[in-house]
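Here it is, the structure, as structure tokens.
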Amino acid sequence: MDIEAYFERIGYKNSRNKLDLETLTDILEHQIRAVPFENLNMHCGQAMELGLEAIFDHIVRRNRGGWCLQVNQLLYWALTTIGFQTTMLGGYFYIPPVNKYSTGMVHLLLQVTIDGRNYIVDAGSGSSSQMWQPLELISGKDQPQVPCIFCLTEERGIWYLDQIRREQYITNKEFLNSHLLPKKKHQKIYLFTLEPRTIEDFESMNTYLQTSPTSSFITTSFCSLQTPEGVYCLVGFILTYRKFNYKDNTDLVEFKTLTEEEVEEVLRNIFKISLGRNLVPKPGDGSLTI
């Protein structure tokens, strides 16, 4: 695996030598705008691989994306390779339809330490809950970013990540009640602890998410990619674009229902993905919002 190939994949041409917050932020922003958050392999009859070599080949050489266990593992490798003090952590996503956090450790995120300060780094949340900059590990502090206001809160060793969203203006009125729209302005995202993890801790969950009838990833095909102004999301046959803060502290959200031919075209032109296999789009159950 070649770190320069990774940097070329994400379009990063800046410093590799300064292990500071600016460099960390720059790398994160480049990755989330180049590497889609997606699970399309599952809906093409292929597996979501967990091995680092396979992930590197999939994302860097084949120009694909992945879910958190893949994109954050790749980011972990890149950051440690250039010298950042980086730790894997495990998280539990909030599930809006059932109003509780997942019982299993379904999320991989990173902690990076710079000059004695700890930051949460995550390239694998997707949609409008994706951070654009690292979050300082401080409890109770609002941390405004372009997508929203993020806030970390610690209670008895458990950290909770929440977001405060803007109002949203939906251009297509037939989608006003779409299950893809977040319903609350204050939204829970996930919880985590600071216990260091290894990728082996996620092996059984990686299998479970692809095989269990209760896994929302089986019922949902998704692909999302951040842009300088917003985020594209493809869920099943529905393409959305959310432009953050387009006016008056309001996000603009556009919906479009695609045909099978248009799905392939959108993947190629917007997400820069060529699958090479037949995709079976699935609409999901409301666990994933845009």
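Keep in mind that glycine also has a Cβ here, set from the backbone N, Cα and C atoms.
Since the structure is predicted, the reported quantities are computational estimates derived from the model, not experimental observations.
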Given Swiss-Prot annotates Thr103, Gly104, Tyr208, Ser287 as CoA-binding, which of Thr113, Thr214 belongs to that site as well?
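Of Thr113, Thr214, Thr214 joins Thr103, Gly104, Tyr208, Ser287 in the CoA site that Swiss-Prot records.
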Which one of these binding-site residues has the most other Cβ atoms within 10 Å of its own Cβ: Thr103, Ser287?
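Selected residue: Ser287.
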Whole-number answer please: how many Å between the C-alpha atoms of Val106 (substrate binding site) and Cys68 (active site, acyl-thioester intermediate)?
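Given the Cα positions, Val106 (substrate binding site) is 9 Å from Cys68 (active site, acyl-thioester intermediate).
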For Asp122 (active site), name the DSSP secondary structure in the helix/strand/coil scheme.
coil
